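Positions annotated as ATP binding site by Swiss-Prot, on the basis of sequence analysis: G49, A50, T51, G52, T53, G54, K55, T56. Here Swiss-Prot flags 36-423 as domain 'Helicase ATP-binding', drawing on sequence analysis. The domain 'Helicase C-terminal' annotation in Swiss-Prot covers 440-606, and the record cites sequence analysis as its basis. Swiss-Prot lists 632-667 with the feature domain 'UVR', giving sequence analysis as the kind of evidence. Annotation comment: Swiss-Prot describes 102-125 as motif 'Beta-hairpin'.
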Amino acid sequence: MKGKTMIDRKEDNQFHLVSKYEPSGDQPQAIETLVDNIKGGEKAQILKGATGTGKTYTMSQVIQRVNKPTLVIAHNKTLAGQLYGEFKEFFPDNAVEYFVSYYDYYQPEAYVPSSDTYIEKDSSINDEIDKLRHSATSALLERNDVIVVASVSCIYGLGSPKEYADSAVSLRPGQEISRDKLLNDLVDIQFERNDIDFQRGKFRVRGDVVEIFPASRDENAFRVEFFGDEIDRICEIESLTGRNLGEVEHLVLFPATHFMTNEEHMEEAIKNIMEEMEVQVNQFEAEGKLIEAQRIRQRTEYDVEMLREMGYTNGIENYSRHMDGRKEGEPPFTLLDFFPEDFLIMIDESHMTMGQIKGMYNGDQARKKMLVDYGFRLPSALDNRPLRREEFESHVHQIVYVSATPGDYEMEQTETVVEQIIRPTGLLDPEVEVRPTMGQMDDLLGEINARTEKGERVFVTTLTKKMAEDLTDYLKEMGVKVKYMHSDIKTLERTEIIRDLRLGVFDVLIGINLLREGIDVPEVSLVAILDADKEGFLRNERGLIQTIGRAARNSDGHVIMYADKITESMQKAMDETARRREIQMAYNKEHGITPQTIKKEIRDLISITKTNEAEVAEDTVNYSAMNKKERQEAIKKLQKQMHEAAELLDFELAAQIRDMVLELKSMD
């Protein structure tokens, strides 16, 4: 029998936080208040933490004390990756998982009527992220001490958690099951037999031994040994060498896809799909849209044939309403449905993330409606969608919004605002002054020279690309080592630029949006904001407070706003900064603390990825000249580099190396 009563979910695991630090400053009161409110049943709270006050550490303390499965949502993959790394360090003994979109590249299916262009869905799936997604869903069904760090893709349709759990194959030594029955069960849950290329989501057979590689792992697999029609023993093995790592008393294998359905449901789904197709064809024909009628019939019949034969088809998610047995308009199952009822949600940088959650649904519907109107998809495809904001809210049992500048939405949800203003380093919010725009270039140059003489760095933020480029050229002419960071720069390059700034390869960084993640540089003692009085996204109260915060990592932090008038946003930002600074100074005086610039080691993933890229480039030269043995060695070396890159969450590099491994394998 498969699944159902076989998953023994551990309910009594405890979160165990490992850190050399103790809560300090106003962290203890923030932690205490948040925990008391959660235990007291409060639904929503805001942790309003200034930049550099250790919000992630506070979140970790809260998770440990509340001891509930927790979903942490960030507004992009890079930020999610940083948080995932931090939480993994804080909770080495618990399940810290990572759930983001598994597409390295994604071109959604679309239709442009004006040019009669149909764009087929095109994507490349990142195998490493797919593994981590499977690891997240299986952990949620197996234990209670789980933290999932996710991007907003966690509100997209995922498939039924009940079907996923019920389809799981449960194996124990002494269990009566024939080898062939196990093989059939594995194929049913979308595992693929491959006796040569043994990797994630595959199994191989050697006589009475079946070796299985779960979809949620990438290093160790399992060996199931049979004696007749009974399992003799189950071992964990090293997938590359086959070395036995020890016996296992119970093995649960979750499906290799999140979109699972059983035979009975499949038949019902196919019946409903065909009925919907006939209705749609009749409607098109009645409107004289014969091309659309033929298109939808041809397409649907092909997909249904694939579902009958293979149990799967490309774009199966578009039929998820029928697969899940949902009614029209009902929300899809998402990662949130894999959590138990009583779980905690933390929204990082909530002023950005909540806006994303709100906007996802409308953009998705506009694109899909075009596909339905022109016969590329059935109307039920509209129900393969992200959650609406109110549907997301219905999943919320308890939530903490985390931001230095909470948005209007969060403030409407709750009046409980927990402040965290004191930095463990004693650092103060920077002093802010306003200077006129007349002669600003010369004034700025003088300030830059004063900083660079002391070995400090400068951030300058402009409003337009042209101004950023002109200013860069001017400063270069004046002998300043300067770089302009524009929006087209990739994450990896951005990390490299920040590293060079910290190392002193250049002294001044100019950009339009310096609020991007990872741009925290302790060496920056001056932030100059040009056109501070031009109201807008980066010059509103929140944008200004966040930008001012970029100078709060240095004990000499200073901010100059160049403007001809003081706008309401500027005044509010200055008032808030002054309020915090006063509280911080009073705390430092009372406790005899002298502010210390953060000493942050200049080491990040770029150092390792650069080495790997150099090694990879070196290796590519002689591939074709290698003999078989040398190629095998090269494959092992590359796979090691691939795992290192993946562990550092540099999935782009990991994917490049994986492609090279596949190329090498194809030569044999």
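Each Cβ is built from the backbone N, Cα and C atoms, and glycine gets one as well.
Everything Swiss-Prot records as a feature, shown here on the structure.
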residue : record           : Cβ neighbours (10 Å)
G49     : ATP binding site : 23
A50     : ATP binding site : 24
T51     : ATP binding site : 19
G52     : ATP binding site : 18
T53     : ATP binding site : 26
G54     : ATP binding site : 21
K55     : ATP binding site : 22
T56     : ATP binding site : 18
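Same-chain neighbours of the ATP site beyond G49, A50, T51, G52, T53, G54, K55, T56, judged by a C-beta within 8 angstroms of the site's C-beta center, are, in sequence order, T58, A404, Q420, R423.
K55 (ATP binding site) falls within a helix when secondary structure is assigned with DSSP.
Model confidence over the domain 'Helicase ATP-binding' (36-423) stands at 90, taken as the mean pLDDT rounded to a whole number.
When secondary structure is read from DSSP and collapsed to three states, G49 (ATP binding site) falls in the strand class.
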